[in-house]
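Trainee: Structure below; questions to follow.
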């Protein structure tokens, strides 16, 4: 029996290993993590992450050929293939602070692998890492290997949260990068044989190590670039009276462009886009490519601009102050069908409103009050450290920040509703009921363009939708970001 061990039981490691176990019943798969609480969650009826379809996959395999354990040394030592899926946060101090990836956890994992291994191993980079990380890992393992031989592979993930299980079942591609040596190519084949159990061979791409590492960063940069591009156009649409939805539809019909990632919004979030672009910026600067670095930096600049523009629109529309006014925030996760709040635009929007002394009432169907408060109290980039190492400052008190049990309670006595996540349930709310329970004039600021602004205006709302023609009230109160 081939034995696979994955270090890291997070959003990538857990689902990926669960699907490998399901598709390869003769392979023993163990996910290890030093967090007892996280492993206990994976072994419970309520998994530590929400992802459609994941519960069924885990329950089919757990205890058969899928196991979750805190006994890291044992299972890493026994494994033939070791996936490393640990945090690679952005550095907050020292060389490259604010841009470079912090590889502390990766280096610790590599040293631990060297300490416990007594047999040859294939070590697979699953975390998103800078180009040439494999070279550094090879050096650590070679100098601490005591005769054990290692092959390093890059196998970046291309999962979209909310569809991760489906993405694993039917991936666009599986990318495997390895050394162009006989030993390296043998390791590539070994991992390829695992995926080939359910992925068509023409979707399994093999490259050299550096191409695989860079492909992940480039893919996320390109996707984020599309979002920032349409968001930049959304600002121009509001200024000219164009409709960004119509513009995006027209653009997307061009086969050279396509319709994906052309939905204007309050901004992109998630664990990868900003972090990977900052990493790409730093790498470009290190290789003396300042023009390339600045190009990619502007993708993040537009994203920050869009969030600031949204906050300013809220404040300026409500008589230029939200002090003491209740504002309902619908949605806190960075996208629908996930409970993930990492780099969610809701954090910056909420902080901006709190900075103007608004009273917030937040509702999200998958995000707990504890998580909301942690996120709003956390310093930038600290979210990507293990939970027990996350420094948390002071957050807003109960009087200015509340978490509601549903959308209607969040909106009761509120002056405004801000829609920040495109949950399907927000499309079908009873907005007449909501309007009747709100202060007047009642505002809706749709940061995801999921409601029909004309229908809401008929009810009585003053409505702002990103990139849509402004009504007279909003035209008279321009927002300057």
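Numbering starts at 1 and runs along the chain as it is shown here.
Backbone N, Cα and C define each Cβ position, glycine as well.
Copied straight from TrEMBL:
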type: ACT_SITE; residues: 272; note: active site, nucleophile
type: BINDING; residues: 8-13, 33, 38, 86-90, 127-128, 161, 272-275, 342; note: NAD(+) binding site
type: DOMAIN; residues: 328-453; note: domain 'UDP-glucose/GDP-mannose dehydrogenase C-terminal'
Trainee: List the helix, strand and coil residue totals of the domain 'UDP-glucose/GDP-mannose dehydrogenase C-terminal' (328-453) as derived from DSSP.
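Mentor: Going by DSSP assignments, the domain 'UDP-glucose/GDP-mannose dehydrogenase C-terminal' (328-453) contains 41 helix, 21 strand, 64 coil.
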Trainee: Give the sequence-ordered list of residues that share a chain with residue 11 (NAD(+) binding site), lie 6 or more positions from it, and have CB atoms under 8 Å from its CB.
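Mentor: Residue 11 (NAD(+) binding site) has long-range Cβ partners 49, 51, 159, 161, 164, 271, 340.
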Trainee: What Cα-Cα separation, expressed in whole Å, is found between residue 272 (active site, nucleophile) and residue 8 (NAD(+) binding site)?
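Mentor: So the Cα of residue 8 (NAD(+) binding site) lies 16 Å away from that of residue 272 (active site, nucleophile).
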Trainee: Among the binding-site residues listed here, 87, 90, whose Cβ has the fewest other Cβ atoms inside 10 Å?
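Mentor: Counting other Cβ atoms within 10 Å of each of the binding-site residues 87, 90 gives the minimum at 87.
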Trainee: Provide the number of Cβ atoms within 10 Å of the Cβ of residue 161 (NAD(+) binding site), excluding the reference atom itself.
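Mentor: Counting Cβ neighbours of residue 161 (NAD(+) binding site) within 10 Å gives 24.
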Trainee: Over the domain 'UDP-glucose/GDP-mannose dehydrogenase C-terminal' (328-453), what is the model's mean pLDDT?
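Mentor: PLDDT averaged over the stretch: 89.
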Trainee: Take the Cβ of the residue listed as 'active site, nucleophile' and count every other Cβ within 10 Å, whichever protein chain it belongs to.
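Mentor: Other Cβ atoms within 10 Å of the residue listed as 'active site, nucleophile': 25.
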Trainee: Using a Cβ cut-off under 8 Å and a sequence separation of 6 or more, which residues in the same chain sit near residue 33 (NAD(+) binding site)?
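Mentor: 7, 8, 9, 10, 13, 39, 68, 70, 72 - these are the non-local Cβ neighbours of residue 33 (NAD(+) binding site), listed in sequence order.
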